């Protein structure tokens, strides 16, 4: 989502692909189309992810109340206890916890709400009618991506999704599933241990974020370089010609400039 809007990176790649055909190099000019497609996919997956975890919270609550049988009930009753050598699986620790309370009292829930709202604002403000008529709204709202990525990195810090750990002796699930009352009493059925995985989102986003920061730094450096107007000419058909002078600038075909009006 970030790489297609790194214009200097695209220019570097375009120059590096001189050995390739023109058709391949022209695909880099469709960077904004690719950026939009990735954004649509993120929005779709966000909706699926949100609905799935809201259902999970409901199932967690029902399991704690014993609605899904003794196995789910016993797994939900496990708690972090050094004395009993147990670790919890169900993140809903009280039967009075509703999905709404759970969402606003956990790291995953709070960050999920924040990044979802940021995503909704960014997508809605990107509609062509807003982008064309109120570009400043589109531009500044799009900077919510900072909050989006920050929330995304911390989203899994609560380690709500937990998996069973290997014990010694191992917990024989096929043998012990139907006799939870014997957990910890016979060698074949030690009390199952669970733990949340270490958050790994940062590993996927740190590379593009560093590249994008370098892109913005390069833009800022170029922005600080002085530019003088040599001539301003109003042409027919509402065409405005600007003749600019910038020290060290070398014109090449296909270049562009950002005008700060």
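Every residue, even glycine, has its Cβ placed from backbone N, Cα and C.
Between the stretches 202-221, 222-241, 242-261, TrEMBL puts its transmembrane segment entry on 202-221. Range annotated as transmembrane segment by TrEMBL, chosen from 101-125, 176-200: 101-125.
Range 137-157 is the one annotated as transmembrane segment, of 74-94, 137-157 (source: TrEMBL). The transmembrane segment annotation in TrEMBL falls on one of the ranges 18-36, 37-55, namely 37-55. Proximity of distant same-chain residues to the transmembrane segment (202-221), defined by a Cβ-Cβ separation under 8 Å and at least 6 residues beyond the stretch ends, is recorded for 1-3, 5-9, 149, 152-153, 258.
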